[in-house]
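Taken from TrEMBL as is:
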| type | residues | note |
| --- | --- | --- |
| COMPBIAS | 1-13 | compositional bias 'Basic residues' |
| REGION | 1-22 | region 'Disordered' |
| REGION | 221-255 | region 'Disordered' |
| COMPBIAS | 230-252 | compositional bias 'Pro residues' |
| DOMAIN | 452-657 | domain 'FtsK' |
| BINDING | 470, 471, 472, 473, 474, 475, 476, 477 | ATP binding site |
């Protein structure tokens, strides 16, 4: 009987544990947030409707008096309860600055209701709680010193604080203490340091000084021209003498022989100079003023709160905070006006030696280079200026300049000159901005900053593939890490997966930590990062097979894009029972394309070209990187399917034309300096820098969370369609017997096992597996599982091999 009772008790406990709560934690958060927001609004209404006549009622507040029908004399909008609250907060504590407390209460309620991050809000709450008594004391100081009637603004406590400060430190001392408190809280509140303010003040001072110097030079130039002009001689005539008849003015030049005049007119030469000219030459035009355009200041967004689409994910996921990335380790860069003025003067002087006049000149200071926009005079040909590129570089003592002739959309020529002090653009400066947070893109990639200082973002789904090329040390690997880092910050694991192929085995290994969240692998794969060149072909064929399966699903659903497919799946118009499932985007990253092309050649080029041509609609995108931009690596078939390309610094003009079909990349400065080409558009960018430590901190933070596991790609082990089907009577591969012994010893029928043990390619290993199946040593293909080994011992295997040899 006791046993039966204990069993019933255990069943009741198990049922109570399995019973779902009636109010979920999310619903409790929403209710708590609503309650806090309503309380904040009620308290705000009570404080702003404070009236001194309610103080007497509030002092004698009691429940009996509050319930008395005849006691309805409160002036407060919330009645006697509101009058009591206003009396406590306004009259007794901090006065009207107590409204800061109600604003904090409202902000906390909204944050809890919307499930926002509260780390920054907690910091702001501390600052507001310090600002509240400080404001109250400031109003109290005005009451004590100037005898203003500000009791409702200071409150009793604020007036007492002001009186103590005035008694201890006097009028001036208490004022300085209040100003110090306001300054400290303001600097903490706006998150700027004093160095930045002084830098901006120095920037404004330098700008004003340059303008003053330019106006002073123009005034001196005009004054010199005025003093150089000789005065017109006047010969006074006596009044008694009669006025002589008018005579023609004397000639200003000597007589020119007829033959010399004809030669001058025919050949366009200068007329012969005379020894005594009396008319001065035409003065040269004034030097154009340098106009400096302001850089774009991006609004910061800390933390990143990109709106995630509501996903029915069965695992919790916390987006990585920006604190994992390093901030700027250098003060805000100020403009070096002396350098700009010197470069402007050198440009104008060098061009004037070739009789090239410039009407106006503007400067845009970027993180790496400064763009000078030169507007030539109407009679100047563009080709005359572009031909002087090397001469200008030598005159400026620059490592290299780049000319844009003309600037698209402008009647000006651009000259990009490297800055003496380059600015380091960190990846946090790019993805930690409101532009990146609010970007309405599926796969936003932050490529860097433009010369104007604007964050440059592109959607990988619209590119739809990206080719990256540059010489060793130009910043290609860092740029690839920055691209992946931005996607990890912007996307949910249920929406994005990576297939990473790293033949160099050291560039992408840090992303193995996110295998359960962001990686896609072929079924049965052992390493999360594909490093074997022979396995890369099988991975790309798995991506091809995944593309075909996705096209079948889209065709069955009657949609044309992965975005529409997932939207219909979310709206429950597609049934999972019919095989429909959520399809994440897949980004295939190949770090070194040259190793694959040198090893596999056409076998690799075919799957890459097919994926580039067809995989866009089903959400599969390619990112290829190489440090060997030659035509045997970046073939015409590959280049034709990659309209979006990034060129880092290269050695020759031929390499530049191989990547972006024009010159320019050979003059880049390295360290992330790049040219981005999309169609006919070419933009110069400074790529963001991200260190290996930052990437490891990011991947460690994501990898420590529970994840759904890798996204499994279909395994393709069939032979190619142009090869004949295996026949029992065909000649076996010379490694057939050795492969059979390896399979039996390990009891694992896998193509990748033969590739590793025998050091052979995928095609040959797959053919041997098919021969082993025909011989009855391994079973048929079973999808994600390895083939079943039908032979259990080596003795049985040797007997089968002898029979096969005798039959052949």
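Using N, Cα and C of the backbone, Cβ positions are placed for all residues, glycine too.
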For residue 470 (ATP binding site), nearby residues of its own chain (Cβ under 8 Å, 6 or more apart in sequence): 476, 627, 629, 646, 647, 648, 649, 650, 665, 674
Let me make sure I understand the structure: which of the binding-site residues listed (471, 472, 474, 477) has the fewest other Cβ atoms within 10 A of its Cβ? 472
Close in space, distant in sequence - residue 475 (ATP binding site), Cβ under 8 Å, 6 or more apart: 648, 649, 670, 671, 672, 673, 674, 687
Can you check how the pLDDT averages out over the domain 'FtsK' (452-657)? 90
Note down the number of other Cβ atoms within 10 Å of the Cβ of residue 473 (ATP binding site), including every protein chain shown. 12
Apart from the site residues 470, 471, 472, 473, 474, 475, 476, 477, the 8 Å Cβ neighbourhood of the ATP centroid comprises 627, 648, 649, 670
Cβ density check for residue 476 (ATP binding site), other Cβ within 10 Å (all protein chains) comes to 26
